[in-house]
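Summarising the annotation, TrEMBL assigns domain 'Cationic amino acid transporter C-terminal' to 596-646. Annotation source TrEMBL lists transmembrane segment at 19-41, 157-178, 233-254, 311-330, 350-371, 383-409, 429-452, 481-500, 506-529, 541-560, 566-583, 595-615 (among others).
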Amino acid sequence: LIRIIRCIHHRHHLSLLAFYIDIILFLSTCVTALISVVLTIRSLPFFLPPEEEEVEEEGGKSSSWLVGTGTGWVEMGEGIIPGGDQAAASGTVKRRGCTCSKEDFLPEPSFQSWSAYGKAMKDTLPRLCDRVTARSMDQKELTEVKARSGHEMKRDLSWWDLIWFGIGAVIGAGIFVLTGLEAQSAAGPAVILSYVVSGVSAMLSVFCYTEFAVEIPVAGGSFAYLRVELGDFMAFIAAGNILLEYVIGGAAVARSWTSYFATLLNHHPNDFRIHATALKEDYSWLDPIAVVVLAAVCVAAVLSTKGTSRFNYIASIIHVVIILFIIVAGLTKADTKNLSDFAPFGARGIFNASAVLFFAYVGFDAVSTLAEETKNPARDIPIGLVGAMTITTAAYCLLALTLCLMVPYQKIDPDAPFSVAFSAVGMDWAKYIVAFGALKGMTTVLLVSAVGQARYLTHIARTHMVPPWLANVHGRTGTPINATIVMLFATAVIAFFTKLDILSNLLSISTLFIFMLVALALLVRRYYLSGETSPTHRNKLVTFLLAILLSSVAMAAYWGSHRDGWWPYPVIVGVWFLSTLGLHLSVPQARAPKLWGVPMVPWLPSLSIAINIFLLGSIDAMSFVRFGIWTAFLLVYYFFIGLHSSYDTAKASSPAAVDPVKRLEEGNGH
């Protein structure tokens, strides 16, 4: 670490290669320290798991293997299903405290020896075909898969908690940082309309998420929904981007936290960062404060979900009061002349800003991951999600309008727009209130994000697509400790190096991609049911869905090409409209929602697909390159590890004697 610091200040004292080696060594030391902290925490009396127990049942099979449940392991064999005593049809069930051995991370038969792994690699193609066609079932996600965590999450959240979780999760760095950046360089005062466009897209996605969360109330959120409707493989690709979304989003908010903290202390944001001249400019401003903040959030998130909720809604109430102060105080200094040049960058600027500002709405999907901990999902989730998004969209539009009325868009500060705006109109004292409100808002965003991302990773680990050690739900706290620590460590590493503008663009791609898939999955859920939908209707469904997707992609591609001329847009919109109309008229719905459903199906989900893909066309090319690199990495991991571990788990939990309808996860689902 000393050599790194010296290199930062005196580049000639250390070669670039040596600098990178020291960085790797330092991060490796941090990982070792992290593992030590995890093991130490787990050894404390408060965190000690229940006493080990061993249950012997008659009829056990000798050809069994251990499937991790996080806090314990369930020995699996022929006719044995993971998830505890109730899941086991026969055999021996053994539970032991979670350790850090190989069996905690790769317990599947394919990884028991090099020869077994070689055989699994030779079967990669048939296994891939099996996983592509495999679809899980609602009941499987709600019982067997959830049981692999060993302990139940505590159901103690109400709609009141969910609303404040939603507000706390969403209103943060997006409005307090990106508003100034996009108003100044992309949209001008029309950034208000950019928030409206992004808000409409987010609300459509909220409807889709709500129906799924009510029908499948598990911690996996969109990963579980896609696994049920689009299959195992597509769910994994989405899962990787979900995790990227949370890591990037948390890193962006943590760096913004440093910026507003510096403003609160009358410093420039970079005064509290270390400039590493040996690194590229976009990655050279090292942010240790962001790492410290994330560490504090990690401790809070692992202790108690209900305690986190109480802190969140108290802090969010304070946040709402500060937002009202900003609006009221700002409007007293309003000058309508600042809106005279309302859209200086034209319609393209409005939509380009919308794509980036979608980052400001990221976070509501974390609320859907709390469905497993909600007392009454059918009532609480719709009220919580829709209520939080309505309040958030109204607040964003009013805040953007206030900012643009206070100062000309050319003079808006991109780093701390509201604080600098109050200083510019002679209310220098108000910038401290704004900075405090921003810090509080970003803290709750980080806290809710930590809760949500850990639950995503927990459910993904339950399927063994990632090591099952991460599926641990602690018996005392009822929280996924391992997943929380690992995700926040990854977030801290990214936050330490990377600038906000790179993070926000990359985050928007992952988010829009996932939201588009969820809307597509909802249409599949409503119009297709295995064993009931006829081949004719299935083929029509596929045709119309492809037409909706292709017309949306064509619209985004033409927009992204920056070509003049508007005549292609009516043609493409017409194709999208006719495709959606054809789906509505010629394909009967195969399933009605049991408790709560999205209105105006297929129109609203189809519109959500079109808007999300269109906004993707407004994001810069380099962000797509980074997105492609990440997706390629996911595929490499999947083909070498995730495919084989999830395949073994699915086969072991789907005995040949089970009804074929219940064996969709085993593969060859139709």
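Here the Cβ of each residue, glycine as well, is placed from N, Cα and C on the backbone.
Whatever TrEMBL says is automated annotation, not expert-curated.
If you look at the transmembrane segment (506-529), the same-chain residues 6 or more away from its ends with a CB under 8 A from one of its CBs are 201, 204-205, 208-209, 211-212, 222, 225-226, 228-230, 234, 238, 241-242, 244-245, 248-249, 252, 355-356, 358-359, 362, 365, 537-538, 541, 545, 549, 583, 587-591, 598, 601-602, 605-606, 608-609, 612-613, 615-616, 619, 623-624, 626-627. Below 8 angstroms of C-beta separation, residues 348, 351, 520, 523-524, 527-528, 533, 568-569, 572-573, 575-576, 578-580, 582-583, 586-587, 606, 609-610, 613-618 of the same chain, each at least six residues beyond the ends of the transmembrane segment (541-560), sit close to that stretch. For the transmembrane segment (311-330), the most Cβ-contacting stretch among 233-254, 383-409, 429-452, 481-500, 566-583 is 429-452 (pairs under 8 Å). Here the transmembrane segment (233-254) sits apart from the transmembrane segment (566-583); fewer than 3 CB pairs are under 8 Å, leaving out pairs fewer than 6 apart in sequence. Long-range Cβ contacts of the transmembrane segment (350-371) within its own chain (Cβ-Cβ under 8 Å, at least 6 residues beyond either end) map to 157, 161-162, 165-166, 169-170, 172-175, 178-179, 181-183, 186-187, 190-191, 193-195, 197-199, 201-202, 205-206, 209-210, 212-214, 216-222, 245-246, 249, 252, 305, 343, 377, 381, 384-385, 388-389, 392-393, 396, 445, 448-449, 451-453, 455-456, 459, 504-505, 507-508, 511-512, 514-515, 559, 614-619. Secondary structure by DSSP for the domain 'Cationic amino acid transporter C-terminal' (596-646): 40 helix, 0 strand, 11 coil.
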